[in-house]
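To start, the structure under review is shown below, and the notes come after it.
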Amino acid sequence: MSISSVAKRFAPAIAPYKKSLPLRNSSRFLEETIPRRLSLLLQACSNPNLLRQGKQVHAFLIVNSISGDSYTDERILGMYAMCGSFSDCGKMFYRLDLRRSSIRPWNSIISSFVRNGLLNQALAFYFKMLCFGVSPDVSTFPCLVKACVALKNFKGIDFLSDTVSSLGMDCNEFVASSLIKAYLEYGKIDVPSKLFDRVLQKDCVIWNVMLNGYAKCGALDSVIKGFSVMRMDQISPNAVTFDCVLSVCASKLLIDLGVQLHGLVVVSGVDFEGSIKNSLLSMYSKCGRFDDASKLFRMMSRADTVTWNCMISGYVQSGLMEESLTFFYEMISSGVLPDAITFSSLLPSVSKFENLEYCKQIHCYIMRHSISLDIFLTSALIDAYFKCRGVSMAQNIFSQCNSVDVVVFTAMISGYLHNGLYIDSLEMFRWLVKVKISPNEITLVSILPVIGILLALKLGRELHGFIIKKGFDNRCNIGCAVIDMYAKCGRMNLAYEIFERLSKRDIVSWNSMITRCAQSDNPSAAIDIFRQMGVSGICYDCVSISAALSACANLPSESFGKAIHGFMIKHSLASDVYSESTLIDMYAKCGNLKAAMNVFKTMKEKNIVSWNSIIAACGNHGKLKDSLCLFHEMVEKSGIRPDQITFLEIISSCCHVGDVDEGVRFFRSMTEDYGIQPQQEHYACVVDLFGRAGRLTEAYETVKSMPFPPDAGVWGTLLGACRLHKNVELAEVASSKLMDLDPSNSGYYVLISNAHANAREWESVTKVRSLMKEREVQKIPGYSWIEINKRTHLFVSGDVNHPESSHIYSLLNSLLGELRLEGYIPQPYLPLHPESSRKVYPVSRFIEKEMRDPDKV
């Protein structure tokens, strides 16, 4: 707009009066009407892009001597403030001495400072205003509160709240709304509730502020209660209200209330085609009512990208991956273009199927249609590639990122963990720390398992200190991850200490503690914690049951396992396929193969886990034929494809009965018939198969033929075979590898020492013992359990402190005699050095350890 156009617009209105009156003696029309009409034009120019036109209007007013009164001057000042022209604003403010005219000029400048991000200047200008004796009004405080929130100045908010209360403005809905929103931003609920109660006239806007604040703070029950009070006060909800309450219904799965709200939306006449339709779709989807969601979707006159996204994300979050992909195809067919949110929601379904080619196709679509790769889509792509085993593609995406934040770093860390690249995962975390990005909860939960796997206890303690410093130690998910990390590092005492410190223990934390105790050779502690869990009022789930059954299997304690089995039947938990599979394992390890088979036969649903459990049970009891029959039944009749665990159990079964040919045949069948690549465990099992049969050359050739470096388990298996068959030369090769791969494992030192002792190489035995002392490796004593009259008794190898130790060893000698009659030939005790050979030790003190060695290897 030019100055000429302004003149043309107002010339007809001024012309009749110019003839009769000089401008200096203007009429009331010129004094009041013209400035007020021009003020509308000034308001229209209150935009940074229209600053030039605003200055032209100002010039027009000056040329025609229309400006000069406080009303017009304040409007001009407001225009400059809205345009962010602080130099012109300051000139007018001080030249025309608007400092004491009214509060409006001060408010204009304060709001302009806040709007343009000059937050400290806004607060400073407020205090300058107070120095000039100008009192703030209800328009002043919302801007100041907004500035304090942006500056994260919580004390400033408290100061403003006290000032508002002292001035009696806390009952004003606009001032109260700004303060309520500020306190809720910091997660405070008590103060906003008091402020809300003091407001005299509560309208829908302030109710929406309160309800959305409750939802943001996680006080979902307060949202429902507040909405009920709002309805009783006869305040009509609007679309914002319904969106908030429907989101709470979706989060808490309150489908009945959600359906009632749907009816209320229809009755109230709120625009259904707005955001409410998406909130309703999300609510029905999250509550698992996909039929209703689909009907609602089909009834819509138009479905935009957001609406399609609601349906796709609902299917994905409910685990219905195939349906989400079908809906995506339908979206493309209908001509609606997907956006970044669409693919961020869809990619987890691609990850579920681990289809790398499909992942690449989606990536190509994103690039071809120039869809913006924001942080969330980038992390979703990285996560999808990692889960589809496309590690190099994920690395390429990360390297091409212009900017990365904690979300992308977390995707990389968890992706490396998923693919077993633990060192890379740890290096990525170190990179995150190096670039001074603070890890969030998900990052910590992702990196703690890596530290546990790598046994990096020192780093784990440092990270635990960081967690305490940041106040994350009371979060259940992080607490569980810390417990898991310490347990994997062999520090169960610290794990239990962390568990005891948790202020709130949910079912996940209890399950984590039970599982770790069961896996760390402390099954009795696992059962004790399982009992404590029940006493504390936490309901058991399938994970709790499975962990406790594993502990019973490791003790073994068949009586307690039977009690848990009865509990499962009574509380309808016996239909869970994973719990039943653990039950099979428990009965088998307790020696009751018949009960294990009965559980398997009565299972309504059988998956690969349950078949593997029963195959392993038969194999461990030396029933290879039964294992093979079950294998063929699984493949041919049930149509279930065997996995890596299946073949591991079959080869292990062959190992138990010494059927080398059958074991080798199944090992080859893995790759040739099923395309399954053998892992370290399979090679270790084949080495053990050859080793037990005395075919050490073939065992060593198997190790050398491995397509990847053998781990400590493989070399340890070979070393055990060398000790058994007195092959010192090959034992030297295996021991040198073990010293590099796992120098802290005492079991390998014992194997090496026994191999040398077999060959009467006492000097080498002494060296091994000295090496153990030098590296501070403590020999872990052997333990055994026996259950008598529903009570489990623990025995320690070589223990003479028990008051009835002489009677115990006498009984062991009697049992040894019975074993000899059955054909068992015990391995005589081999001393760690020649001087010890002069001492006499009862063989029975070492029977338990020697009998456990083959299973341990």
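Heads up, the Cβ atoms here are built off N, Cα and C, so glycines get one too.
Looking at 46-76, 790-820, the range annotated in Swiss-Prot as region 'Type E(+) motif' turns out to be 790-820.
For the repeat 'PPR 3' (172-202), the list of distant contacts is 138-139, 141-142, 145-146, 148-149, 154, 157, 160-161, 164, 209-210, 213-214, 216-217, 219, 222, 233, 235: same-chain residues at least six beyond its ends, Cβ to Cβ under 8 Å. Note on the repeat 'PPR 18' (679-709): residues 644, 647-648, 651-652, 654-655, 658, 660, 663-664, 667, 670, 715, 717-718, 720-722, 724-725, 727, 730, 733, 854, 857 of its chain, located 6 or more positions outside it, place their CB under 8 angstroms from a CB of the stretch. Note: the repeat 'PPR 18' (679-709) comprises 22 helix, 0 strand, 9 coil (DSSP; helix = H, G, I, strand = E, B). Sequence-distant neighbours of the repeat 'PPR 7' (304-338) (same chain, 6+ residues past either end, Cβ-Cβ under 8 Å): 277-278, 281-282, 284-286, 288, 290, 293-294, 297, 345-346, 348-350, 352-353, 369, 371.
Below 8 angstroms of C-beta separation, residues 406, 409-410, 413-414, 416-417, 422-423, 425-426, 429, 432, 481-482, 484-491, 501-504 of the same chain, each at least six residues beyond the ends of the repeat 'PPR 11' (440-474), sit close to that stretch.
Per DSSP, the repeat 'PPR 6' (273-303) is made up of 22 helix, 0 strand, 9 coil.
Counting residues per DSSP class in helix, strand and coil order gives 16 helix, 6 strand, 9 coil for the region 'Type E(+) motif' (790-820).
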